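Okay, so here's the structure we're looking at.
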Amino acid sequence: MQHNLIAFLSDVGSADEAHALCKGVMYGVAPAATIVDITHDVAPFDVREGALFLADVPHSFPAHTVICAYVYPETGTATHTIAVRNEKGQLLVGPNNGLLSFALDASPAVECHEVLSPDVMNQPVTPTWYGKDIVAACAAHLAAGTDLAAVGPRIDPKQIVRLPYASASEVEGGIRGEVVRIDRAFGNVWTNIPTHLIGSMLQDGERLEVKIEALSDTVLELPFCKTFGEVDEGQPLLYLNSRGRLALGLNQSNFIEKWPVVPGDSITVSPRVPDSNLGPVLG
């Protein structure tokens, strides 16, 4: 299979030329490739955020994709770049620091190699920019038809560094989860609470209690809605995001500006106390 589509993620930002130079290296190796930007605005050095941004990429991109990703605070050290084939047939290239964790949860690794061959690197390799000279260059060589086995020695997929992912769980009277991501563009809060765990509570218009421990155990009483327009402008709601997880938002406004939670904060969702006459904020 010819992998002539490259999906590219990094933490270098879009304010200067860094991501364009990486693309220049890739086009120099694979001029027929198409390069799609996932994002270059991962928070600097934030491997977990980068991993979360990659989580849905395997589902959304076709099998002939090379997923090229780097958030590489260890650049120039013994942390190696790896190249992986997943069950879907896609190829992934990135540092072995956990960045590929959630993408590989979506489509597990079936073959993995350390990228050690100088033939698939941009020479001379800059120790402070493995992302360009090793990750991007290797991804381009794979897109140009280089065999995966040619990049370096095969390793057991069990050697791929994986980030821990806290699962939501049932607790007395409700479901306990945590904030995993902030939708920066709109200020919505995404949790790790999946549909199957909370489905019995999710009746359209049903009001649920949401306890946010980091905000002095603030409790919100929020309606569950299928979409934002079911509440008035500026009003809070619960909804299922496009990834099938429970999320909190404000219609046409910014949830975290009003309730400033961050990833890792605990959230407990439970059925509304019957006959409660309290407003949206209970505590």
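Each Cβ is built from the backbone N, Cα and C atoms, and glycine gets one as well.
Neighbour list (G131 (substrate binding site), Cβ cut-off 8 Å, at least 6 residues apart, same chain): S10, V12, C22, Y70, Y72, T75. According to its DSSP assignment, G131 (substrate binding site) is helical. For D11, Y70, V71, Y72, T128, W129, Y130, G131, the entry in Swiss-Prot reads substrate binding site.
Annotation source Swiss-Prot lists chloride binding site at G131.
Sitting within 8 Å of the Cβ centre of D11, Y70, V71, Y72, T128, W129, Y130, G131, and not among those site residues for substrate, are the Cβ atoms of S10, V12, P73, T75, P95, K132, V135. Listed binding-site residues: Y72, W129. The one with the lowest count of other Cβ atoms within 10 Å of its Cβ is W129. Within 10 Å of the C-beta of V71 (substrate binding site) we count 27 further C-beta atoms, all protein chains included.
In the three-state DSSP scheme, Y72 (substrate binding site) falls into the coil class.
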